[in-house]
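Just below is one structure, and these are the notes that go with it.
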Amino acid sequence: MSEPLLAVTDLRKSFGALAVTDGVSFDVHGNELHAIIGPNGAGKTTLIHQLSGNLASDSGTVRFAGEDITKHSMVDRVRRGLARSFQITSILDGFTVLENAAMAVQARSGSSFRFLRPASKESPLNDEARAALARVKLDDRAHRRAGSLSHGEKRQLEIAIALATGAKLLLLDEPLAGTGHEESAVLVALMQELKLTHTIVLIEHDMDAVFALADRVSVLVYGRLIATGTPEEVRAHPEVRAAYLGEEEAA
Amino acid sequence: MSAGTSNVAVPGAVPDVAPRRGGMLAGRGSALAAALIFAALAVLPPIALAIGDPFLVVTATRILVFAIAALSLDLVLGYGAMVSFGHAAFVGLGAYAVAILASHGIDDILVQALAAIGVSALFALVTGAISLRTKGVYFIMITLAFGQMAYFFMVSLSAYGGDDGLTLSARSTLFGLPVLSSDVSLFYVSLAVLASAFLGLRALTLSRFGRVLRGTRENPIRMQAIGFQPFAFQLTAYVIAGALAGLAGVLLANQAEFVSPAYMSWQRSGELIVMVVLGGMGTLVGPIGGAIAFLLLEDWLAHFSEHWKLGLGVLLVLLVLFTRGGIAGGVERLFGRARP
């Protein structure tokens, strides 16, 4: 079998005596959608911070596309094709929707130490940005101020920005957080399409969405992965049912 | 921070096309306001002569010089979100470059200006690289500390006047010609520098570089997540601003025909911050208006009482309370579109 796109081995992170990531290992293969689920406080967000380079790991390794990126900064990881979205929407409210995406294109399109020409008029940047917006169905909002979008649209823009970085692998941190029923249906349909072109690590609370989208699911409880497998395997796993799904049996 | 953030949308509602951050005065309105200010200034010398008050030109030149310094601080403070409390040091270094070179017989303005820009850019590069390792109130403190270091260095430099400062025997020359000897020519040179600096910084803030700087102001983590390292951009902005402030110092030395460490004191740095905030951060035209308003108020209030700063304080409090976004914000609210 070919080398996985993302290989995480024995990753650890402690805050004082509290082991928040406690020996996590998993692989993500190309064009796979790998979901990571877990109850509140399981350490999902810490893990994604470690994967994206926002937070340094205490030990363990993260390999991406055959390269050890454990010590790489967030900026270096993005440049290699590992982009993340944020659980708490962190788009640039004061810029237009198009500029939010165009800025991500700009980051990988030549030097940004250019001082005279207006950036918002650079067609190559805007064209690629529009393509990313089209993939999340936001192209008709291109010239709106990002801060004026609805919550669901902001979540779509989060994904468009990650796409616009030219990423191979998207780390999506609870893309459905705070969305209503209709909004989340739009986002799930969107991720179905993204699956065809991108490898995705999806951290998500919404079990319906996870079981509908994921090729494989890993379950994180108190910083440890207690199970990894297909949605059916994970659903049937006794430890998972005890630790986690029990509380959401209604789902 | 500045105006233009009040446009909070009701989910589902569809407001008009996005106004640019900073609203009207960051767009075409800013260019119009600046053009009006520059035009009014350009006709000032003949009017001053006509009404028999040539000293007005001297006062106006001083205002222009501080407007350039405030404009440069706006790049750091308003666009870079770096609260630098040592900006007067760059002005002082520029002024000393003129005085020290002149005391060694080097009068040419081009040589002096190059030296001033070089020295203040280098000082900005070194102190900025260290200061930018810190954030928030520590950044304020460390820039203040570097400013004070420059101040005390000049105080202790007795060969060049120390605490008493240094008087210039004459203004700078250009290829041996005394082109700046008249107050009116110095005024127009200063106005030209101000207008060029405004146009240059305006282009810069809209460029790729400026867009990264504005994005970093809003959300540095987001900028890193798409692949930008904010440090290099912030440091570059700091150096550009330092160099421009140094150029303001060259004009200040010529205007006063005197330099002293007082130019670099932390009170001066504070006044520059007041000019930027008073005028409206992150608007470029605002700080020019802020410098004009501050220095005119200083002049005017000083007629009434030696405690004029008390009156200035009251005015500042009122401005901050009632015109979010300073003078530029107030003008925008008067003439700008009604917000939903």
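Glycine residues also receive a Cβ, built from the backbone N, Cα and C atoms like all the rest.
The transmembrane segment annotation in TrEMBL covers B:30-49 (among others).
Under the heading transmembrane segment, TrEMBL lists B:55-77 (among others).
What TrEMBL lists as transmembrane segment is B:84-103 (among others).
What TrEMBL lists as transmembrane segment is B:109-130 (among others).
Residues or ranges marked as transmembrane segment in TrEMBL: B:137-160 (among others).
Annotated transmembrane segment per TrEMBL: B:185-204 (among others), in sequence order.
Tertiary proximity for the transmembrane segment (B:225-252) is limited to same-chain residues at least six positions away from its ends with a CB under 8 Å from its CB atoms, namely 61-62, 64-66, 68-69, 71-73, 75-76, 79-80, 82, 84, 87, 90-98, 109, 112-113, 116-117, 119-121, 123-125, 128-129, 131-132, 172, 186, 189-190, 193, 197, 201, 204, 209, 212-213, 215-216, 259, 263. What TrEMBL lists as transmembrane segment is B:225-252 (among others).
What TrEMBL records for B:272-297 (among others) is transmembrane segment.
The transmembrane segment annotation in TrEMBL covers B:309-331 (among others).
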Which range wins on Cβ pairs under 8 Å with the transmembrane segment (B:109-130): B:30-49, B:84-103, B:137-160?
B:84-103
With an 8 Å cut-off on Cβ pairs and a sequence gap of 6 or more, do the transmembrane segment (B:137-160) and the transmembrane segment (B:185-204) reach 3 or more such pairs?
no
Short question: most Cβ pairs under 8 Å with the transmembrane segment (B:84-103), which of B:30-49, B:55-77, B:272-297?
B:55-77
